[in-house]
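K.L.:
Handing you this structure, nothing more for now.
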Amino acid sequence: MGRHCTLDGCPRSCSNHGQCSKDGNVWSCRCHEGWGGHDCSVPQETNCNDEIDNDADGLVDCADSECCNKGQCQDSLMCMSSPDPLDILLRKQPPAVTASFYQKMKFLIEEQSVQSYAHKDEYSESQFWSAFVK
């Protein structure tokens, strides 16, 4: 790149772990399997069933987020995610202006909501307020 071909198009020439490509006027790296980051310098976990931290990030197999899209880890507790609370709120009828704090926040513990392990029947408005009254 450049008048004398002296400027790199991609950062660090993709660290020799990727292919440099140009899309319009923007250069970017397409990393080889097992590498990531804008310059392909970040090793990634590729073997998610060997009980070894292959990418040396301190996380083994399903504890590593890079394995969450692999079959053996999809149902792992470490790979579970919860919906965005804003998405949940937008699907519901807004509470009344006079609603209590509990009524406004109970969407967090309802089924198919943010807290997948909480059960709504374990909470009640009276229990909530009794925690503050001594």
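Every residue, even glycine, has its Cβ placed from backbone N, Cα and C.
In case it's useful when we look at the structure, here is the feature table from TrEMBL:
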type	residues	note
DOMAIN	6-41	domain 'EGF-like'
DISULFID	C10-C20	disulfide bond
DISULFID	C31-C40	disulfide bond
K.L.:
What number of additional C-beta atoms lies within 10 angstroms of the C-beta atom of C20 (disulfide bond)?
P.N.:
17
K.L.:
May I ask for the distance between C31 (disulfide bond) and C10 (disulfide bond), taken between their Cα atoms and rounded to an integer number of Å?
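P.N.:
Cα to Cα, C31 (disulfide bond) and C10 (disulfide bond) are separated by 11 Å.
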K.L.:
Please list the DSSP helix, strand and coil residue counts for the domain 'EGF-like' (6-41).
P.N.:
6 helix, 14 strand, 16 coil
K.L.:
Could you measure between C40 (disulfide bond) and C10 (disulfide bond) for me? Cα positions, answer in whole angstrom.
P.N.:
10
K.L.:
List, in sequence order, the same-chain residues at least six positions removed whose CB sits under 8 Å from that of C10 (disulfide bond)?
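P.N.:
The list for C10 (disulfide bond) reads G18, C20, W27, S28, C29, D39, given in order along the sequence.
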K.L.:
Within 10 Å of each Cβ, count the other Cβ atoms, then let me know which of the disulfide-bonded residues C31, C40 comes out lowest.
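P.N.:
Counting other Cβ atoms within 10 Å of each of the disulfide-bonded residues C31, C40, the minimum falls on C31.
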